[in-house]
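According to TrEMBL, the features are:
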- B:H411: active site (ACT_SITE)
- B:103-124: transmembrane segment (TRANSMEM)
- B:159-187: transmembrane segment (TRANSMEM)
- B:278-297: transmembrane segment (TRANSMEM)
- B:325-346: transmembrane segment (TRANSMEM)
- B:389-410: transmembrane segment (TRANSMEM)
- B:422-444: transmembrane segment (TRANSMEM)
- B:456-478: transmembrane segment (TRANSMEM)
Number of protein chains: 2
Amino acid sequence: MRNRSAAPIHTIEALQGDERRQELPSRKRPSRRSRYNHVFAIHSQARASCLSSQDAKETPSFVGFRNLMVLMLVVSNLRLMIENFRKYGVLICISCHDYRRQDVVLGSILYLSIPCHLFVAYIIELVAAQQAKGAVARIKRAETKADATGETDRKNFHYAWYLIAFAHGINATMNLVITSTMVYYFINHPGIGTLCELHAIIVWLKTCSYALTNRDLRHALVYPRADEEVPELYKSCPYPQNITLNNLCYFWWAPTLVYQPVYPRTSHIRWVFVGKRLAEAAGLGIVIWIASAQYAVPLLNNSMDHIAALDLVSIAERIMKLSTISLFCWLAGFFAFFQSWLNALAEVMRFADREFYSDWWNVWSIRTYWTSWNKPVYHFMKRHVYSPLVGRGVPPSIAQILVFIFSGVLHELLVGVPTHNLIWVAFAGMMGQIPLIALTDIIGRGKSYMAKVVGNLIFWISFCLVGQPLAALLYFFAWQAKYGSGSKQFSARSR
Amino acid sequence: MRNRSAAPIHTIEALQGDERRQELPSRKRPSRRSRYNHVFAIHSQARASCLSSQDAKETPSFVGFRNLMVLMLVVSNLRLMIENFRKYGVLICISCHDYRRQDVVLGSILYLSIPCHLFVAYIIELVAAQQAKGAVARIKRAETKADATGETDRKNFHYAWYLIAFAHGINATMNLVITSTMVYYFINHPGIGTLCELHAIIVWLKTCSYALTNRDLRHALVYPRADEEVPELYKSCPYPQNITLNNLCYFWWAPTLVYQPVYPRTSHIRWVFVGKRLAEAAGLGIVIWIASAQYAVPLLNNSMDHIAALDLVSIAERIMKLSTISLFCWLAGFFAFFQSWLNALAEVMRFADREFYSDWWNVWSIRTYWTSWNKPVYHFMKRHVYSPLVGRGVPPSIAQILVFIFSGVLHELLVGVPTHNLIWVAFAGMMGQIPLIALTDIIGRGKSYMAKVVGNLIFWISFCLVGQPLAALLYFFAWQAKYGSGSKQFSARSR
């Protein structure tokens, strides 16, 4: 014991942290024994618990809980995957897919015939351009002669304008009508049907944009005004030089729904970039297919009895379970289409404006969501529906509602026609956006961080948690009600 | 058509954003019709997709996905709650709890008798203080007389020291031995057993700290040295003035395991604070009870067959499912005990050092976790085990391993004794921390943000995702194997 007293009392301070201790070579220690006593004051000052918001000087970081959340999401879904596997085994099966021969043949014919409407629109525009050139020449001659024939020519041009509009209207409408009718009545497989219908709607929008834009370019040619300038960008290809097959084919394949005679272009194609994007799209496509076959289909099948019995708690439980997988498919599908596929296409087309979406996942207003998740459609709606309506004196709020009605009809066509059930749920979903926009607009006025989080949560809940799984469930139920579970596409593989 | 030409082409720029538009009173608009055409260049410049890391100028914020994660966690667990309810109904039942009369009587006697050992330690210290005071007086007298009796007195004091150490050793050991024996052999209910065992370990640690600290204070009194100062804080109550019943009772109830004659104190008790903390603790206690009765117990019961059959995939699935509920109970229990209960106790005791934990949830090193999640035990280990060992020349790494062995034995006592199965899983879990510390130390050297995230994930996975649920499962399995599912505490209520 006597040796102990040789050591200073506060040695514990020298012992904090192993590293410092280990740096001291042991031979330098004054004595190997009894350097320590148990008196040191651990509780030497007043300190607060870091979670006592009242007392603690600063809130601690909670970044560890973010990591934990990611981990729990991964683990809980991994667990559900194991559970699913133990219950159903492997449901993925390529040879089990059953396509009717008629579906494949009809679908292919439809798919290939749809772009023809774009070429019909080109021929109409070719005629219109000829007529416009003639009109311009005659008007010029009339103006130099200063006689009255100019006015007659303008009238003729006006009549021709109606004729051209009528021709375009017939052509574009035929596209939608023929495709929808064929898909609804003759193509049973909803996948093939959706592909055809989606293609038809895209081409229809492109045709409309092509016709409307060229109409106004033609008008600007016939009635040139100093204050009415055609955009600087188009100067390199003024009307009617843009009415060529080349120009149309570029628009046909360009990743946009809005026609411009000239687009911003990149200098060259980065083929490595194209390869990476295509690999992403293909990989995600396979993942989505596996996810829906293995997880979504059995879930949808299991939900049928609950829906038929209107068992609301069970339906809620099924929707919640479905929401994870539908959200996953949605995010993967979004990335595959808007990031991977459209970027690959844009790169090949040397199309420089790649803003196909902006950061919609952060939106705190449903309004912003609809202007940012799908820019090609948003641009079309803004340029060819909303702005013309407002320009003609329609109040902006009414114009907005009209845009959502138009968009709702297109959504219903896209979902209801291939599933052979026009139950107008997709349309109702689009209509539901209007009160949601009003709600998040009111919340967004708060401008606080919390208001934004609440707005963002309303977006996620309404869209990915309720909207999509509920719609999927209802269309699936309508399908099963119409065709029974004997239908080969969905049910036979699971249960 | 003629009217249209009156409008400038670029009016769409004036239409962007409704707010701006709505500010314009309609009568100011030059013409209500035909102000718009479809020519405006939407694609006017090269732009990148914000997710193309190669091209985009800056990475977009992903804060929306954080919100989505929280939402998905809430929803997926809500769904599991519905599923659980539909499968088992309500399992929570107060009157169903079955305590054997013997358990309650024996448990109460044990619980009340445990603190007696602290008072025995006090009596030992009282005797020791008397002896030390006598020794100091005699040494002083001898020094003034300058004769040789001082040396004899020192020797006598030294013998007394061994006697006192022996008495403390017997007293403290009896506490642990009596409690553990009684709990292991005579208290069947694991809840009552755990309470008694936990109380015994806490009092045992307090007794050890009381004896060791007073020994060194006494030594400092008998052999005073200029370079060996007792901490400034203790000056207000120098040895042996601290050996009073009051001082001991304060230590008995103070939220610390480390004895100090004097602690930092607050000026007054905020009773509203105490009330809030107690309400939190009570609320969380009820929540934990519901969570374990309704969710953990059926899960544990369902896992028994899989463990018996050593079906590893099923065991993994069960552990994953169990991890959510055990993590929830762990976090709620941590908050209830370390934040709510210890803060309430500290407030009542006017104990000012409230640092019962620091932000362990952010740790990227397992080493830091063990120094921050349970500060009272960490302080005890550092002051009375680790530092004395290192002070006596034991290499720090060996001292650390010894601390973990000591802690492992205490953990095994705490879990194994009340469940009547010393299967040494808790001990093995503590031993497993040593390689994990080495691993996270190596990863932590990276010092990058990613290295810290990986370290944090290793912590969460090892501790909350594998360690705890696996240990719970094994002790539950051992319990069931020993007592069969006929045991009333766990199984009868579920299935």
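The count begins at 1 with the first shown residue.
A Cβ is built for glycine as well, from the same backbone N, Cα and C atoms used for every other residue.
Predicted automatically and left uncurated, TrEMBL annotations should be read as such.
Note that this is a predicted model, so its numbers are computed, not measured.
In the three-state DSSP scheme, B:H411 (active site) falls into the helix class. Residues 164, 167-168, 171-172, 174-175, 178-179, 182-183, 186-189, 192-193, 195-196, 199-200, 203-204, 206-207, 210-211, 243, 245, 248, 252 of the same chain lie 6+ residues outside the transmembrane segment (B:103-124) yet bring a C-beta within less than 8 angstroms of a C-beta in it.
Close to B:H411 (active site) in the fold, though at least 6 residues off in sequence, lie B:A426, B:F427, B:G429, B:M430, each with a CB less than 8 Å from its CB.
Long-range neighbours of the transmembrane segment (B:159-187) within the same chain, counting only residues 6 or more positions beyond its ends whose Cβ lies under 8 Å from a Cβ of the stretch, are 102-103, 106-107, 110, 114, 117, 120-121, 124, 127-128, 131, 135, 193, 196-197, 199-201, 203-204, 207-208, 211, 215, 413, 417-418, 420.
Counting residues 6+ beyond its ends, the transmembrane segment (B:278-297) has Cβ neighbours under 8 Å at 80-81, 84, 88, 90-93, 322, 325-326, 328-329, 332-333, 335-337, 339-341, 344, 472, 490-491, 493-494 in the same chain. Taking Cβ pairs closer than 8 Å, the transmembrane segment (B:422-444) reaches residues 364-367, 370, 400-401, 404-405, 407-409, 411-412, 414-416, 451-452, 454-455, 458-459, 462, 467, 471, 474-475, 478 in its own chain, all 6 or more past its ends.
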